[in-house]
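Quick notes on the structure that follows.
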Amino acid sequence: MPTPSPARVHDFEVVSNESIAERIFSIEIAAPELARAISPGQFVNVAVPGNAMSLLRIPLSYVRADIDAGSIVMWYAVVGDGTRRLSRMKPGETSTLLGPGGRGWSVPDSTTRALLVAGGIGVPPVLCLAHELHERGIAFDVCLGSMSAKTLVGAEQFRYLGAGTVCVSTDDGTAGLCGFCTDPAADMLLAGGYDYVATCGPAPMMRKTAAAAAEAGTYCEASLERMMSCGFGACGTCNVETTEGMEGACMCGPVFDASKVVVW
Amino acid sequence: MSAVRMAVDVGGIKMKNPVSTAAGTFGYGWQFDSLMDVSALGAITTKGCAALPWPGNPAPRMAEVPGGMMNSVGLQNPGVRGFVEQSGTYLERLAGKGTQIICQVAGHSTAEYVSALELFCELCPWAAGFELNVSCPNVAEGGIACGSTPEAAAEVVRACRRVCDRPLLVKMAPVRVDEIARAVEDAGADALTIINSIPGMSIDIETHRSRLSRPTGGLSGPLLHPIAVRMVWEAFRAVRIPIIGVGGIMTGADAAEFILAGATSVAVGMASLVDPGASLRILAELEAWADRQGVSDINELVGAFEA
């Protein structure tokens, strides 16, 4: 029998929940057992109270876990009713979540320098990985993309964690380079020096990053987003088409070997 | 502790209690093993399998709608041999603990159903029975068509009956329920599962495109519960074989409605995706309800609805 998901249902309490950029929030929740169990790149499936007609949980990645404080921090974009309700949760409010779910980043031990390519609300799992790289003493550079300066998150945190370079790109040119972060990423990869690439963000961004990594002969992992019902392998709704067939993003991902992904 | 006898017999499948799980919402059972005591359930119905593996439909395969969800998974499955290789040991052990295993059978044609069922019969001695899914709304080549007319549904059941002496259930499409129920009963079905998800559409008004990879998908969840209860009642009046009621059960009260409408057993679907332990909570609530009713055996409540 395949290994069942490590996920459990946990109660949580909101510690803080505030806007950090346009339509992007940071929420800290107290969930001590989860904080001990979760690892970078995994996700949680959150039940957000407040609408009896909206039943499914919301899958969210996280930025960091604090075992001592017994809490985890997640960043999320307000894109629909569920995340809007989440943004209105106040400190002290409680709910449940299911986690940790899925397979996270698996940075090879041989890695000496990594390139992280993150865009939009794909930043959280990549920033979480940056914490791990910092702790492991692995050097890394970052290509960070956003629609505009108003929606840009993570640059300061990546720098704080010791990134060699943080190259910011915005679609409208209001911060950093004007354009997509995949262009500097491709240039940096071709210049060489990386033995690992991690990416999360819009599908076209990840596809281009994976292609550039493949061209440079560098191992690349991507964290994919899919609509998801259960989060632990029961329903088959979140599947990703890979070279090995359909694989559930909740169990075989959300982090995949990018060279295996057929449909982004 | 309730004194109500909860055991039921669904067409020869003897369940220790009337709560099972709906195919496609409970994986192959083991996915829930670390989240709940699966062996406390009366039965589980495993996700549909065909003779050979099916890849299912492209993403997106799920869209949430008010009061439910839509899916277009398309019966992705590893084929019967892959299913047995992956999940057989777990399911055999579960059967040994007294939870009945009902394996769902998928196909595009009568020949494919027969071929899959023959493999199931050969490779799954621990299976208590088989559910013929002639009503999946997400399979283009057959599926819904097989279960949408009495003649086509009966043809599948007759052919399958010839190769299988274990209990055969039919997962009904949500159309012409009484006619099709009678036809499959005459063709040799031992029980009915009512209903499958209902074909629906959900359109992204910004892009003008479906929110699924296909124009339509299967609608499930509490929004269709009253429709399913009505269809169970219609079938209960039309046939003598037992019925498993499925459709939007979120609470013991929802399950009780199915029992009163004529279901001998119930299967929990979407609720298990929202809360993995929902089926056991529903079992406890159902037992408490039966106790409050003052009966000694839950079977006394089957079809007790008074029009």
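Along the chain as shown, the residues are counted starting at 1.
Here the Cβ of each residue, glycine as well, is placed from N, Cα and C on the backbone.
Note that the structure is a prediction, hence the values are computed from the model and not measured.
Here the domain 'FAD-binding FR-type' (A:7-107) returns a mean pLDDT of 96 for the predicted model. Here TrEMBL flags A:7-107 as domain 'FAD-binding FR-type'.
Sequence annotations record features per position, and here TrEMBL assigns FAD binding site to A:G82, A:T83. In this view, A:G82 (FAD binding site) is surrounded by 20 other Cβ atoms within 10 Å of its Cβ, with every protein chain counted.
The number of other Cβ atoms within 10 Å of the Cβ belonging to A:C238 ([2Fe-2S] cluster binding site), over all protein chains shown, comes to 29. According to DSSP, A:C238 ([2Fe-2S] cluster binding site) sits in a coil region rather than a helix or strand. According to TrEMBL, the feature [2Fe-2S] cluster binding site maps to A:C230, A:C235, A:C238, A:C250.
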Sparsest Cβ surroundings (other CB atoms within 10 Å) among the binding-site residues A:C230, A:C235: A:C235
Which of A:T83, A:C250, the listed binding-site residues, has fewest other Cβ atoms within 10 Å: A:T83
Inter-residue Cα distance where the pair is A:T83 (FAD binding site) and A:C238 ([2Fe-2S] cluster binding site), in Å: 19
A:G82 (FAD binding site) and A:C250 ([2Fe-2S] cluster binding site), distance between Cα atoms, whole Å: 19
Length of the line joining the Cα atoms of A:T83 (FAD binding site) and A:C230 ([2Fe-2S] cluster binding site), in Å: 17
